[in-house]
Every structure is written in structure tokens, then in C-alpha cells.
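Down below is the structure, laid out as C-alpha cells.
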Amino acid sequence: MAGVAREAIALALVLATTASVLLFLPDSCSAVLQRFHQPIKANGSLSLLVVGDWGRKGQFNQSEVATQMGKVGEKMGIDFVISTGDNFYTDGLDSVDDPAFEESFTNIYRAKSLQKQWYIVLGNHDYRGNVSAQLSPALPKIDHRWLCMRSFILNSEIVDFFFVDTTPFVESYWSGDGHQYDWSEISPRESYISNLLKDFEAALKESTAPWRIVVGHHPVRSVSEHGDTAELLDLLLPILKVTSLIPNSCTVARRLTFSLVSWYLKITG
Ligand SMILES: *[C@@H]1O[C@H](CO)[C@@H](O)[C@H](O)[C@H]1NC(C)=O
Ligand SMILES: *[C@@H]1O[C@H](CO)[C@@H](O)[C@H](O)[C@H]1NC(C)=O
Ligand SMILES: *[C@@H]1O[C@H](CO)[C@@H](O)[C@H](O)[C@H]1NC(C)=O
């Protein structure tokens, strides 16, 4: 989210379960949000890395973070990577031919362990560039790891990930904060958001996975300098509460372990 470069954050998440019964997830569900499926390991576990605020052509310690991600990814045997957006600073991509795609992504995350599927959402800095370029099917042809959409769902047996496009929620981006945003294809804001919330709520309610994780660029609550995101508190949080993460199958015996390792790197702007 940083306007001027302030921080690069890489998070590693390990999800492991020794579920004796794996839930079968029907593939019907939401009409609109596209779904993807990520198999879990044979022993019922899943490992992944999460990174956000990264595209710096290697600068601002992006390369150093990438090296550490490669090492941890190897150690954990990660299955995939999630990007929470701000994929390309400071103004997204210009087009699918923008060399930043390779300079900030392909050529940076070269470690063997990172040659997995990346599931990617957009941040506010991505919206300052050409959004359709980042969403274009041309990019996975350049680098097959790239899977970027505004909002989508990833089913992975023990966990459902809900990727939510949070940037359009933030009113100040629409009302002129001194930057240009690419709202083409989603304007007007109100109908885009109400449709998205409807689809998101329906999908959350239908989810039977023991874990449900919502991924977005902007935090609902935060102690960082940006603070809470008022629009998400107002519009998204009520849906998260209604469809709370209460397990809906008491018959499934399971033991989940969840650990969070994070690197937090302060950088000068
Ligand atoms: C499952 O296997 C992976 C390696 O394939 C290992 O790293 C992980 O610790 C195992 N998890 C469990 C819960 O046994
Ligand atoms: C990179 O990180 C080091 C600390 O590891 C710091 O001294 C340096 O200023 C950082 N470089 C940039 C460009 O932020
Ligand atoms: C955005 O990128 C697409 C794909 O490269 C390109 O066709 C389009 O002309 C670009 N739009 C603008 C406004 O540059």
C-alpha cells in the first residue's frame, strides 16, 4: 500500500493438517467467481508463501527477500505462492510488453522452490497502471506461474482461499488523491462492489472447508501507519462475521497446525 516505498513484507504460512478424513468439495458453487483447485500433499498438508508489495526490479531489498523466500520455500517444500498485490511499483504495468514483468517477477523469483503456481491479486499501485495488462492471458504465456485476477476462489481441500479485489472499495482512490487509477471495466464503483460482495458472501456460505482464508491487498484492521480500511470495516467485515469460520462438520476428525513465520523488512523511502 505504501505510497512511497516503505516496506517490503514477505510472509510464510504453513498449513498442515493430519486430517484423517478429507472433505470433498463440490465444484458447483458461486456463479461468478472463478474457481481454481490446488491439490494438497499426499500426507494431507499444504505449504505456501505469501508476499505482497514487491515489484521493485530487485531494488529496495526485493532480491534479498526473494533469496530468503527461495530458501524457506525449499525447506518447506511449498506448493504455491500467494501475492497480495502491489505487484509492480509504482504504477503497475504499462502493457503486457512492459519489461517490468520480467525485471520484477520472472528474473527475481528464480529459486527452484518458487517455480510453482502464483495466485495473485491487485493492489492500489497496480490500479495506477494498466490493469488489463496484469489480467491478460498473455502474461502466463511469458511466465506460466502467473495467475492474476481481480477476485477468485482457490479450493484446496483443507482450505478455501477467497481472493478479494479490495482497491475499488477505497473511496479516496475514486475521489482524486492525486493519482490516476484504471477503473475501466469496473466503473461504477457501487455496482461493482455490491456484485462482488454478493458473490463473495454466497461462496463463503457454501464453503465446507475446515479453513477459510480471505486474501486481499488492504487489511480490514491494521496497526500500521495506514490503519484500518474504513470501507472494508463497513462492507466486508459484516460478511466475514455472518459467515464466521465455524466448522460445519463436527464429524470430521482433524488436527490442524498453523504457524506463521514472517520477515519484516523496513526500508528507507
Ligand atoms: C508432509 O510432507 C512434507 C514433505 O513432503 C513435509 O514437509 C511435512 O512436514 C509433512 N507434513 C505432515 C503433517 O506430516
Ligand atoms: C536493504 O536492507 C539493508 C539491511 O539489511 C538496509 O541497510 C538497506 O538500506 C536496504 N536497502 C534499501 C534500498 O532499502
Ligand atoms: C493495456 O494493455 C493492453 C495489453 O498489452 C493493451 O492492449 C492496451 O492498449 C493497454 N492500454 C493502455 C491504455 O495503454
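The backbone N, Cα and C atoms fix where each Cβ goes, and this holds for glycine too.
Automatic, uncurated: that is what TrEMBL annotation is.
Site annotation for Fe cation 2 in TrEMBL covers D86, H217, and the matching candidate from N43, N124, N130, N155 is N124. The candidate list D53, D97, D98 contains one residue that TrEMBL assigns to the Fe cation 1 site with D86, Y89, namely D53. Checking each of the recorded positions D86, Y89, N130 against N124 (Fe cation 2 binding site) by C-alpha distance, the shortest gap belongs to D86.
The local packing around Y89 (Fe cation 1 binding site), expressed as other Cβ atoms within 10 Å of its Cβ over all shown chains, amounts to 24.
In this structure, the CA atom of D53 (Fe cation 1 binding site) is 9 Å away from the CA atom of H217 (Fe cation 2 binding site). For the pair formed by N130 (N-linked glycosylation site) and D86 (Fe cation 1 binding site), distance between Cα atoms is given as 13 Å, rounded to the nearest Å. Least packed by the Cβ count within 10 Å, out of the recorded positions D53, D86, N124, N130, is N130. Every protein chain shown contributes to the tally, and the Cβ of H217 (Fe cation 2 binding site) ends up with 27 other Cβ atoms within 10 Å.
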